[in-house]
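A.B. asks: Swiss-Prot lists these features:
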type	residues	note
REGION	1-64	region 'Disordered'
MOD_RES	Ala2	N-acetylalanine
MOD_RES	Ser12	phosphoserine
MOD_RES	Ser24	phosphoserine
MOD_RES	Ser27	phosphoserine
MOD_RES	Ser44	phosphoserine
MOD_RES	Ser47	phosphoserine
REPEAT	77-98	repeat 'LRR 1'
REPEAT	143-164	repeat 'LRR 4'
REPEAT	209-230	repeat 'LRR 7'
MOD_RES	Ser322	phosphoserine
DOMAIN	331-360	domain 'LRRCT'
Amino acid sequence: MAAERGAGQQQSQEMMEVDRRVESEESGDEEGKKHSSGIVADLSEQSLKDGEERGEEDPEEEHELPVDMETINLDRDAEDVDLNHYRIGKIEGFEVLKKVKTLCLRQNLIKCIENLEELQSLRELDLYDNQIKKIENLEALTELEILDISFNLLRNIEGVDKVTQLKKLFLVNNKISKIENLSNLHQLQMLELGSNRIRAIENIDTLTNLESLFLGKNKITKLQNLDALTNLTVLSMQSNRLTKIEGLQNLVNLQELYLSHNGIEVIEGLENNNKLTMLDIASNRIKKIENISHLTEPQEFWMNDNLLESWSDLDELKGARSLETVYLERNPLQKDPQYRRKVMLALPSVRQIDATFVRF
């Protein structure tokens, strides 16, 4: 297949970006969030389960036979090369691509990152869904800005410290247990480590340009070591083991905060986060809406699946003049026969209550 530029490739690029946005939400909550939030913040439960099943496959059980690279005709002048699901077993023969900027090798049978030294103009490398166990041999890719090695078999973050121009790093659904070896990535804007085995937020204080941090579906017990990330606008921590909202005082530019599926009991610690437009605290153990009356920018408020009983708590949201979406279902107050009517009366700006739009 000749790898060519054009309308077809542009469409492929757009599909890759949509895929990557979805994987960036690896925190796994209600599918409705994908429709109501400005950026996709969660992977649907079914997609997450499918991904887990893929990620846990034993590569030794793989019955597909690798393709012979000599049967693939590469366009030497191509800037964008998409070889998604080609049964490629080894990275080889790509040295002819002197002009390539984007190389997509998704859903192949690759076990090792190798033979990329000649691709010095490469800016995006996509190795999503392969059988890679180690990040290595990237030193020559000095122009690389986007790297995706999600859904592989990685256990450590390594081999990226020399790729100092990286802006986006995706390592979703691996077996990583520690955040490390990222201190040289001063240009990094997005870091996605969802669905791993991480227990602590650490070793990210030099990532001062970071704008989006996704750590959903890990084993993190505490919000900490975030003080240096003053440019952070999106923080996603769903499906961890958090019990308290804390450590966010320096995140004055934070706009979207996702804390669903944890063990949080009290809304607190948001005194300095005045730019929040999205607050997701669904599926926790919270009994009361409090300590957020100073937030005037929220457009979405997710507090479904908690322990909210009192209608007077909704007064805490009246300062949010742009509030359009609230999720309060599966709280005790939903048992009220006038549930939707009372929400509308308390929050007249709201246009969507749970999954249903308000009719006037």
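Any Cβ shown, glycine's included, is placed from N, Cα and C.
Keep in mind that this is a model prediction, so the values were computed, not measured.
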A.B. asks: Give me the long-range Cβ neighbours of Ser322 (phosphoserine): same chain, 6+ apart, Cβ under 8 Å, in sequence order.
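C.D. replies: Within the chain, Ser322 (phosphoserine) has Cβ neighbours under 8 Å at Thr277, Glu297, Pro298, Gln299, Ser349.
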A.B. asks: Within the same chain, where does the repeat 'LRR 4' (143-164) have neighbours whose Cβ lies under 8 angstroms from its own Cβ atoms, ignoring anything closer than 6 residues to its ends? I mean 6 or more beyond.
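C.D. replies: Sequence-remote neighbours of the repeat 'LRR 4' (143-164) are 20, 23, 51, 54-55, 59, 113, 120-137, 170-187, 192.
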A.B. asks: Take every residue in the repeat 'LRR 1' (77-98), average their pLDDT values, and give the whole-number result.
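C.D. replies: Summarising the repeat 'LRR 1' (77-98) by its mean pLDDT gives 94.
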A.B. asks: Could you put numbers on the helix, strand and coil content of the domain 'LRRCT' (331-360), residue by residue per DSSP?
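C.D. replies: Breakdown, helix to coil: 12 helix, 4 strand, 14 coil.
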A.B. asks: Sort the residues of the repeat 'LRR 7' (209-230) into helix, strand and coil with DSSP and give the three counts.
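C.D. replies: Summed by class, the stretch gives 0 helix, 3 strand, 19 coil.
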